[in-house]
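If you check TrEMBL, you get these features:
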- 644-679: region 'Disordered' (REGION)
- 29-48: transmembrane segment (TRANSMEM)
- 60-82: transmembrane segment (TRANSMEM)
- 103-131: transmembrane segment (TRANSMEM)
- 174-195: transmembrane segment (TRANSMEM)
- 202-222: transmembrane segment (TRANSMEM)
- 285-310: transmembrane segment (TRANSMEM)
- 345-365: transmembrane segment (TRANSMEM)
- 386-403: transmembrane segment (TRANSMEM)
- 415-437: transmembrane segment (TRANSMEM)
- 449-470: transmembrane segment (TRANSMEM)
- 476-499: transmembrane segment (TRANSMEM)
- 582-603: transmembrane segment (TRANSMEM)
């Protein structure tokens, strides 16, 4: 019985014994733990409460939830579905959509690699604090510890900022942090070099243990004096923040990208090891909800502790000198110091931070390794050796954060990585919503119509952004919308004239079919093609991916670039008053991702080495030959042939099955890869 292949009922050779079989997770639970581990990290227990603290308490929840529902979750579904569909890392996923889009995938893994180089140093600082807690005169033995003292200890002694001058430039290398960083990268290497089955087993502990420890800390923090005031502050809503700090929308969306680990290539890489018929939407919802729930619970623990700190220091919570990474080091250790056996609880806290960070770190590295291991360029390289090379490179790059100014440089890079994520997210949705099957769209409608519509849509938002963020603030809002609708109207009229001229020339269109082909057909085809393999995908998802997410990310990117510092300089290029060399590194990171995208679009041959050696998706350029060979009885089943083809455009086995039905009897397909039973 043939259960998972398109069989041709002629005299056929047996199925090849060399059918490509991708390594799978040990179970769906292993994938959940790995993906949730990639999503849940420092951002949940540090960055989320810090943003809530900075933006009016519970008021931050509104943009956070809107960004989660309308941007984060759809992008997560896109990455998970594409990873399963192509069984590839991000480079060849987008190369599968179009060969000129490999730069999108390269941009995502570059974003992940740049992020993990400073993220690994954060973990190294945690290890540093952990080992310091075993010293005879450990700082954490102070029974009267305050939040200010704990934060100062972290900044000056652990990160080494005590020797930095007023110019904030580095003066020395903190060699202890170089050594601790080596430990971090050694652990990352061990976690990724033995395959996803081992990785999945590791994440049972690296995800499960922090969850248990968090609830222990939560229970303890809620019993502290002043905890109720902290919780009240956490849930309070200061509506003025939307008027006075409009960048709250940028920060909330950036937090969603960070905490879901989207735009880093990690979720695509992990999903590529799932069975192709896994329910992508359900899995994505589980990951997103678990991540946000962890953030929300962490917020209760942090703010309850802040309430306690405010009580013992006689201050209001808003006046506490805590923020950023120091928020965690200035709150949790103080709360734990009140427990019997405080030293041990503080060590458990550092262990929890390490575990939270390490699975996010090795997920970023996995994104790079999957793309490299899948490509023909690295076919003959041992995966363990490749992992060692990447880990070594990551450790060497992390040295720039091991200086006494490393904390400041990591803050700068964290700021600019937001812009990189927005670029990658916009490129991903643009690729999926606008470029998928674009050759067929151009064949049907002609390139002038297709590209005029594309230019109209994005050009209108670009013009509106210029008016919104570069004109007089008193008129910018309404003038921007006038510019948006005027540009859009003029452009659409021009497109309508092109369609009418085409109809006059005898093209077989109606107004309805032409506009549907132009606006919706390609993204609906993507949705349908993915749904054949990964299960039902809501219609609204396609609309969001094409028409909502790319322009919104463009607007947020522009808003972030136009934000002003206290002295009325643009924050982009002057963030935090840090030295110009720090700013330059961050700006180069943004432009590097843009370079990858445009260089691949203009010169796709530069990146053909990343072509996948095995793919379950049949390339469109091979369809005609495949159909002819199937009719001649030369192909045992299409699935076997497709495993040797590199995917350059998406076409599912289900579509090809339909094209063959008129000539041959084709049994219904099941999932890929084939099982021993069906083989």
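Any Cβ shown, glycine's included, is placed from N, Cα and C.
It is 103-131 that, among the stretches 103-131, 345-365, 415-437, 449-470, forms the most Cβ pairs under 8 Å with the transmembrane segment (174-195).
Between the transmembrane segment (29-48) and the transmembrane segment (345-365), the number of CB pairs under 8 angstroms, six or more residues apart, is three or more, so the stretches are in contact.
Sequence-distant neighbours of the transmembrane segment (415-437) (same chain, 6+ residues past either end, Cβ-Cβ under 8 Å): 71, 74-75, 78-79, 82, 94, 97-98, 101, 103-104, 107-108, 111, 114-115, 250, 253-254, 257-258, 262-264, 454, 521-523, 525-526, 542, 545-547, 549-550, 553-554, 556-557, 560-561, 572, 575-576, 586-587, 589-590, 593-594, 597, 649-650. Through the fold, the transmembrane segment (202-222) approaches residues 30, 33-34, 36-37, 40, 45, 191, 231, 294, 297-298, 300-302, 304-305, 308, 332, 335-336, 338-339, 348-349, 351-352, 355-356, 358-359 of its own chain, all at least 6 residues removed from its boundaries and within a Cβ separation under 8 Å. Under 8 Å from some Cβ of the transmembrane segment (345-365) lie the Cβ atoms of residues 34, 37-42, 44-45, 112-113, 115-116, 119-120, 122-123, 126-127, 129-130, 133-134, 140, 184, 187-188, 191-192, 199, 202-203, 205-207, 209-210, 213-214, 216-217, 261, 264-266, 269-270, 328, 332-333, 336-337, 339, 387, 390-391, 394, all in the same chain and six or more residues away from its ends.
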